[in-house]
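Colleague: Take a look at the following structure, please.
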Amino acid sequence: MALKYAVLIIAILAVVTSISHASDPSPLQDFCVAVNDSMTPVFVNGKVCKDPKVVSANDFFKSGLNVAGNTSNNVGSAVTAVNVNNLPGLNTLGISLVRIDYAPYGLNPPHTHPRGTEVLTVLEGTLYVGFVLSNPGPNMKNKLFTKILHPGDVFVFPIGLIHFQFNVGKTKAVAFAGLSSQNPGVITIANAVFGSDPPINDDVLAKAFQVDKKVVHYLQSQFWWDNN
């Protein structure tokens with residue numbers, strides 16, 4: 001009986017611990033303005049703190065999100081990010097923000113944020129959005145959730161799941177999104193798989209995608225645009 005209770009306690013602790021670490025760690029002070037110094041000899045999970053005595057309001061301020069991103073590219077979209085790398089006051093606060101501009105029929109390609117959940121709202125235009133669940137059980141397919149969004153609509157993309165947004169309108173679209181990390185990261189699926197440096201072995205990709213190596217070579221030879 002004691003063993004059963006011990007196992008139960010360990011299981012509960014494991015769940016609680018996983019929940020408590022589901023986003024960036026909580027700060028232990030009012031703020032920790034990041035020091036963007038690539039020469040610093042200290043490596044931490046995040047950024048080194050700036051001396052509070054020299055912190056100013058500018059460390060918590062960034063302008064420019066009123067300016068549309070350049071969507072004249074292969075995918076027809078541009079992501080303007082506000083994170084700890086360009087707004088140092090976000091350090092340890094566990095949040096960041098992006099503006100996404102879409103040309104008519106522009107796409108923010110399938111991608112993931114390994115460290116953050118995303119909540120997106122449309123300001124202008126009409127977007128077809130969706131995300132795919134992680135691998136299901138045997139003989140099941142990854143389930144896709146999609147929605148058509150109009151101005152004022154909100155949609156959530158859970159942390160780590162592949163998701164996308166596509167402008168289905170004939171005019172431009174604009175969206176803003178908040179993310180639950182000061183530096184959520186982004187992995188654009190096509191870029192990572194077919195545009196890595198060095199390239200992934202063609203035997204691996206041919207077998208994984210069940211295609212001829214010529215198809216793999218063609219895809220690896222393309223220019224994979226990074227819209228971030």
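Indices start at 1 and increase along the chain as displayed.
Backbone N, Cα and C atoms are what each Cβ position is placed from, and that goes for glycine too.
Remember, TrEMBL labels are computer predictions, not curated facts.
Sharing the record's features from TrEMBL:
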type	residues	note
BINDING	Asn108, His113, Glu118	oxalate binding site
BINDING	His111, His113, Glu118, His163	Mn(2+) binding site
DOMAIN	63-217	domain 'Cupin type-1'
SIGNAL	1-22	signal peptide
Colleague: Within its own chain, what residues at least 6 apart in sequence put their Cβ under 8 Å from the Cβ of Asn108 (oxalate binding site), listed in sequence order?
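Modeller: When sequence neighbours closer than 6 are ignored, Asn108 (oxalate binding site) has Val75, Ser77, Val79, Ile100, Tyr102, Phe164, Gln165, Phe166, Asn227 within Cβ distance under 8 Å.
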Colleague: Hey, for the oxalate site built from Asn108, His113, Glu118, who else sits with CB inside 8 A of the CB center?
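Modeller: Those within range, site residues removed, are Val98, His111, Thr112, Leu120, Phe157, His163, Ala177, Leu179, Pro184, Val186.
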Colleague: Could you tell me the C-alpha distance between His163 (Mn(2+) binding site) and His113 (oxalate binding site) in angstrom, no decimals?
Modeller: 9
Colleague: How long is the line from the C-alpha of His111 (Mn(2+) binding site) to the C-alpha of Glu118 (oxalate binding site), rounded to the nearest angstrom?
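Modeller: Distance (Cα to Cα, whole Å): 12 Å.
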Colleague: Around the recorded Mn(2+) site, report the further residues of that chain (criterion: Cβ within 8 Å of the mean position of the Cβ atoms of His111, His113, Glu118, His163; site residues excluded), sequence-ordered.
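Modeller: Other same-chain residues near the Mn(2+) site: Thr112, Gly116, Phe131, Phe157, Leu161, Ile162, Pro184, Val186.
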Colleague: Check the domain 'Cupin type-1' (63-217) for me and report the mean pLDDT.
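Modeller: PLDDT averaged over the stretch: 96.
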